[in-house]
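Below is one structure, written out as structure tokens; the observations come after it.
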Amino acid sequence: MNKHIEQLYRSAKKRSRLIIGLMSGTSLDGLDVALCRIEGHGTDTQIELVAFCTVDYDDGYKQKIKSVFAKRQVDLQQVTLLNPWVGVLHGQMVNQCLEKWNIAATDIDAIASHGQTIYHCPLGQHGQSEFGNATLQIGDADHLAVTTGILTIGDFRQKHIAAGGEGAPLAVYGDYLFFTSKQENRILLNMGGIANLTFLPCSADASAVFSSDIGPGNTIMDAYVQRHFSPLHYDKDSAMASQGKVHLGLLDSLLEHAFFALDFPKTTGPEVFNLDYLSVAQAHSATRQLAHEDVLATLNLFSARTIANAINDAAIELEEFNVYASGGGIHNPLLMEHILRLCPNVTAIQDTSKLGIDPDAKEAVLFAILANECLVGGQQPFGNLEQGIPNITMGKISFPD
């Protein structure tokens, strides 16, 4: 038997496994590295977040990725070069974290790598029925495995599309397995570059679970700050947005996109919601000369309105439910204030630390869960294709030699 197959067998038989989850989102701020000790599988999954850090990306990384990110036409040579380069760089970042934590690579059972999304293109976006849904992540897992010496599981989204999904959101699998409660209805809200939610009924009925993208979280706000307030990367503590005044005409123009009228589930990305989208909305509302602070105030409420509308729609038939939030948006006080005000049935929005997971680490942890299911799961089927949740095992395995 191949030694790596033996290693897979040994890892699967362990009472607990050490799995590193990696997440690099559309915000391009850094690589989230979550070291998880995981016991069990399926709905019996137990997780301890042993260590977590975000390794910041430097400006060179951001510029290279932005040259091919969310663009219909790019330099194909650059994409080809970046695919292994990102894999090696992410591997080096994992090595840095392991050294910082004083943990040997040989102690790790697997790395779960999301990679770096550079283009997400569901059928509803491109409209070419012969091609169906599509998405592309770079950061080759073989290069990551060789760089770290650790078995790596990656490229999770392709199986989701192959089985009838849109490749996103994948959070629903980990949310269902780890965060479902028999005591309360829950909405898991994640606010990264793009916001998404997962609805988890206390019945734990898989047919009632759904997950969907909502629209822009931080993506347009961050891009606007980076363009007009360089070298700042985001509106810290919503300081600039708090100084501005919402322009209702611009807000109405931003809310006109057909995506917001689509039923759940649906997916989107910065390919749609970006500075070009803002520019068109400003042209329609004659607000090209609006003060930067007023634009940021309006963008903040725009994100909040779409998020609140989604929460209200998801829970329309519920008398009681709780919202648990994660992602960079939880650090935006004005955004959180708007969402709470616009959700009359929500008395408080708690972050996922209340459920035992650092809200900044949640997405990386969820990919560790997917890797664990790839290794030892499959005995408890979970899926609902009508809600875009195919019953599948995701991830491709890359050996370190």
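The backbone N, Cα and C atoms fix where each Cβ goes, glycine too.
Note that this is a predicted model, so its numbers are computed, not measured.
Listed features, source Swiss-Prot:
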BINDING   G25, T26, S27, L28, D29, G30, L31, D32  ATP binding site
Report the member of D29, D32 (the binding-site residues) whose C-beta atom has the most other C-beta atoms within 10 angstroms.
D32
Ranked by how many other Cβ atoms lie within 10 Å of their Cβ, the binding-site residues L28, L31 are led by L31
If you take the centroid of the Cβ atoms of G25, T26, S27, L28, D29, G30, L31, D32, the listed ATP site, which other residues of that chain have their Cβ within 8 Å of it?
M23, S24, T54, Y57, G192, G193
Inside 10 Å of the Cβ of T26 (ATP binding site), count up the other Cβ atoms and send me the figure.
24
Please give me the CB contact count at 10 A for S27 (ATP binding site), counting all chains in the structure.
21
Residues satisfying Cβ distance under 8 Å from G30 (ATP binding site), sequence separation of at least 6
S24, T54, V55, D56, Y57
Which number gives the other C-beta atoms within 10 angstroms of the C-beta of G25 (ATP binding site), all protein chains shown included?
23
